[in-house]
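Colleague: Below is a structure I'd like to ask you about.
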Amino acid sequence: MRILLSNDDGVFAQGLAELYKELKEDHEITVIAPDRNCSGASNALSLQQPLRMEQMQSGFYAVNGTPSDCVHVGVNSFLQQDPELVISGINHGANLGDDVIYSGTVAAATEGRYMGLPAIAVSLCAHTSDNFVSAAKFVRRIVTHLQAHPLPADQILNVNIPDLPYGEIKGIKVTRQGRRHRAKTMIKDTDPRGKTIFWYGPVGEEQDAGPGTDFHAISEGFCSVTPLSVDMTAHQSLEDVRQWITKI
């Protein structure tokens, strides 16, 4: 299978390297990733600057842009044939609940979807871990199954894997997105020149994390697989808004 592999942690990230090693024997892999860490980039595109691509010693390609840029330039310009699958990851850290809105990992997969391709975003629920190899093995299982049972071209799967050795992962659960409380207060500081600066604080605590959610599956030791749609219409609210708008 022809696979385009990208991420948001950058071309030198451990999760990217481990996933490439796990898949390269059975698949034709092209790796195009940002030249730096782009965590939190969401779906941003570099519209105000040209993109440059450089091949690394590893054979991976580094782009001076965002995760979405990497997939866009790969599919729309660099590759001679469209990939059959876009995979983004393995991300260093979870992408659960509201995280997907900000996630460059999910954004790279979403860009694949915009290109008309099935796509998977993969995250390990730890920033540093000895379990990236285990996570990569789990991804290989999903890819092997996908070969035999293809996904629709407009399908995005958001996969989160618990920080456990391979043999301790209990299985896979199909989940819905949970939800977090609002983010914690930003951290105010002063730079060396006496100017006020702000750092983002911790993410919000889990709010909707009950059975059926991605949060709950991870807490129980399962891999969570959440189907995502790029249609952000709140369909259940359409009639309420129609009624509301008539009163203006």
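Each residue's number is its place along the chain shown, starting with 1.
Keep in mind that glycine also has a Cβ here, set from the backbone N, Cα and C atoms.
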Colleague: According to Swiss-Prot, ASP8, ASP9, ASN91 bind divalent metal cation; so which of SER39, SER42, SER58 is the extra one listed there?
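Modeller: Between SER39, SER42, SER58, Swiss-Prot records just one in the divalent metal cation site with ASP8, ASP9, ASN91, namely SER39.
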Colleague: Which number gives the other C-beta atoms within 10 angstroms of the C-beta of ASP8 (divalent metal cation binding site), all protein chains shown included?
Modeller: 31
Colleague: Inside 8 A of the center formed by the CB atoms of ASP8, ASP9, SER39, ASN91, which other residues of the chain have their CB, for the recorded divalent metal cation site?
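Modeller: Neighbours found: ASN7, GLY10, ALA13, ASN37, CYS38, PRO67, HIS92, GLY93, SER103, GLY104, THR105.
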